[in-house]
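Working notes, beginning with the structure itself.
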Amino acid sequence: MKYFGTDGIRGIFGETLTDELAFKVGKALGEIVGEGRVIVGKDTRVSGDSLEAAISAGLTSMGVDVLLCGIIPTPAVALLTRITRSFGVVISASHNPPEYNGIKVLKGGYKIPDEMEAEIEERLENGSFPPRLVVGRTKSFREGRDMYIGAVLEIFRDLDLTGEMVSLDLANGATTTTAKEVFEFLGAKVEVFNDSQDGLLINQGCGATHPRFLAEEMKNGKVGFTFDGDGDRVIAVDEERNVVNGDRIIGILAVGLKEEGRLNSDTVVGTVMTNGGLEDFLKEKGIKLLRTKVGDKYVLEKMLESGANLGGERSGHIIILDRSTTGDGLITALELMRVLRRSGRNLSDFAKEIPDYPQITKNVRRTERMSLENENLRKIVEESTSRGYRVVIRPSGTEPVIRITVEGKDREEIEKIVEEISRVLES
């Protein structure tokens, strides 16, 4: 598709993502919605106000009422659309730098399917929108944040964090409006980093894509959680200041849920990027791993297809389907705390049980002449695979790059394979 990637529309504001495009997306979505309502939320980016106004103008011009939540995590908008059975729009570029922004469309708690994205694209390409006699209105819906916090607290009503020291890196993003309040309400003592709503600081050297920041800076926390800009990812830090990635979080949750009888079909969904160490660990515990394409929407599709209720990605996108319909960093963090409290164990003890095979990812800038249908490339992949290395080469769904990932047990050999593939792609 021309506009939609693996996580909605995304680009650098003022270049590939403009107010004009946002206005047209609003009109196209408005045609589909009819005379209903759309809940709109955003992260802290400076361009969020402008895009919010543009997409709202497009929606209201088509007779749709718009409920403005302000700064609020993506999973909060998902929950609100599920409760109200309505459409939602999130203005965010998730983990990307501040100059990026994006548009995600949700319906009834879920990101819309590819077919509906294609329908919006078709309307954008046609560019003709019949006038509506009825014009919609924009209304403040700041109580949406309180509804989300209330729902999360109800889910974890039996979780008592009294005496727990927790450190949070809020990435200067959307969880600045929710995470600290929830942890404190549950009794935890909270140390907070990067809680500014200055839109120029979001994800800058902090958050889920820079977990070492929290590992190096946390002072009092027995456990730490670092979120991304829109709050749908989380990475943990243990009491020894080791980073605990999404794969290991999934492994800990899988064992915890299985012990409670909550892990549907003893199955977990991951992606082609899921570390082989997690797969081996789960197999030892009698748990099956299903793999799918990269992207939390594809993880969710596979979960719904297989009946699994736990799935996610190494990046920290983790879906606990009996808790939430989408990846929710806050819910994942609280579920992990619940498993730890129930077991009486430290996070480091759990995490060390899960192997994490060396894995290197390199981004190569994508050019028009670059092709993955390359005989030399095929030979490298086949030869590497025959020696026990796992190779994944794929276009990014959110950035103009080709991602090369190689996994195995010999880091030096992995580095050689990655560089060899890079040379072939760039030649």
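From the backbone N, Cα and C atoms, a Cβ is placed for every residue, glycine too.
Record check: Swiss-Prot places Asp228, Asp230, Asp232 at the Mg(2+) site, and the matching candidate among Ser86, Ser94, Ser371 is Ser94. Cβ neighbours of Asp230 (Mg(2+) binding site) (same chain, under 8 Å, six or more residues apart in sequence): Asp43, Pro73, Thr74, Val90, Ser92, Ala93, Ser94, Gly173, Ala174. Note: the Mg(2+) site is recorded as Ser94, Asp228, Asp230, Asp232; in the same chain, Asp43, Pro73, Thr74, Ser92, His95, Gly173, Ala174, Ala208, Phe227, Gly229, Gly231, Arg233, Gly327, Gly329 also have Cβ atoms within 8 Å of that site's Cβ centroid.
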